[in-house]
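The following features are taken from TrEMBL:
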type: DOMAIN; residues: 1-173; note: domain 'NarG-like'
type: BINDING; residues: 5, 15, 136, 154; note: heme b binding site
type: TRANSMEM; residues: 6-30; note: transmembrane segment
type: TRANSMEM; residues: 37-56; note: transmembrane segment
type: TRANSMEM; residues: 76-97; note: transmembrane segment
type: TRANSMEM; residues: 129-149; note: transmembrane segment
């Protein structure tokens, strides 16, 4: 599960800084093409970590009786959705590679920044963008909507001690 958590945090912060940092803040030291290559490589690595770790967590949740006893249907559904989202994200890499100048990425960056800053016309920025990117965006927004109703909210408690804690067995009082 460390693979999943390290990978998903890398993906989250990669998207956060990569999509929402204005171009003028890094243009003087990081060309768009280099930014895209960095995003593809680091995002690919974090995506694979997330996929392997997440598949292991889902498998454990489905097959381990103790874990299954404390799992809810929404837990299984959200993990499945996260794995599909991860697969979609990884499948965008070949499409991004077709635009080594970073032009496709900058369309997506413009879209994300217009959404966060409440500017109208953001949907036009996605004209001509590959369908897999659009699907990735829609599923990502769906995850944001589901987030408060799932165990994903545990990220706000910043459980850093998780990485060094001893193995725990969780038992319910049923």
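Every residue gets a Cβ built from N, Cα and C, even glycine.
Where TrEMBL records a feature, it is marked here on the structure.
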{"residue": "5", "record": "heme b binding site", "Cβ neighbours (10 Å)": "18"}
{"residue": "15", "record": "heme b binding site", "Cβ neighbours (10 Å)": "16"}
{"residue": "136", "record": "heme b binding site", "Cβ neighbours (10 Å)": "21"}
{"residue": "154", "record": "heme b binding site", "Cβ neighbours (10 Å)": "10"}
Diameter of the heme b binding set by C-alpha atoms, the set being 5, 15, 136, 154, in angstrom: 23
Secondary structure of residue 154 (heme b binding site) (DSSP, helix/strand/coil): helix
PLDDT averaged over the residues of the domain 'NarG-like' (1-173): 93
